[in-house]
């Protein structure tokens, strides 16, 4: 509620979540009747970003309430590993806490449908970074990114069919590299490859070619689950071994 509820409750009900009002108290401003009427139902669609799932555990607040941040008030500590040192899902690069949990996108979409009345949703970002230490061959083969997008699209397709979630679009993050918060250019992104030492060396990665086939297949054939499942086969592992 201190994350999505902070803005979703006002957008749908014209007020902050009950638990926020209880914990934050007078430090949380109230909506006037006019403000509540103005903001409730004022959105056209929701743009949701999903990358990964984290564990949460209670976190005491040692500071006076007037010095609390939103995270302090939430009273939780988000972690990559549980008490047994386990990640929620498969690990790509443990030194960078790089893992994925594709079923999480199913739960998130179902949660938004159930709690907020099945709003119109676009997945505005979904993707993963890969280690900057990979070789050129590994970057172009890009089997990790294929597995990531494929597995998430499988669960996204599943929740649309099973739960009737109103998702109308999906944007793979990202087309090329970007400067990542806290990591700079030490990790790589993108469906396309660019050699920073030779900008004429540019190639569409295997992940980009795969995404092209997926998009084209989706437009021509509404039944795409078989394509998604077949993409999670040993073919990607063969590409990895070839490098």
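These residue numbers are counts, starting from 1, taken along the chain as shown.
A Cβ is built for glycine as well, from the same backbone N, Cα and C atoms used for every other residue.
Residue 125 (active site, nucleophile) falls within a strand segment according to DSSP. Around the Cβ of residue 125 (active site, nucleophile), the same chain contributes 49, 50, 51, 171, 173, 174, each under 8 angstroms and 6 or more positions distant in sequence. Here Swiss-Prot flags 125 as active site, nucleophile.
Look at residue 173 (substrate binding site): DSSP puts it in coil. Among the features that Swiss-Prot reports, substrate binding site is placed at 51, 173, 180, 181.
DSSP gives residue 30 (N-linked glycosylation site) a coil state; it is part of no helix or strand. For residue 30 (N-linked glycosylation site), no same-chain residue lying six or more positions away in sequence has a CB closer than 8 A to its CB. According to Swiss-Prot, the feature N-linked glycosylation site maps to 30 (among others).
Following the DSSP three-state reduction, the secondary structure of residue 216 (N-linked glycosylation site) is helix. Cβ-based neighbour count (10 Å, all protein chains) for residue 216 (N-linked glycosylation site) stands at 10. As annotated by Swiss-Prot, N-linked glycosylation site applies to 216 (among others).
Note: residue 180 (substrate binding site) has non-local neighbours 129, 186, 187, 189, i.e. same-chain residues 6+ apart with C-beta under 8 A of its own C-beta. When the alpha carbons of residue 216 (N-linked glycosylation site) and residue 181 (substrate binding site) are compared, the span between them is 33 angstrom.
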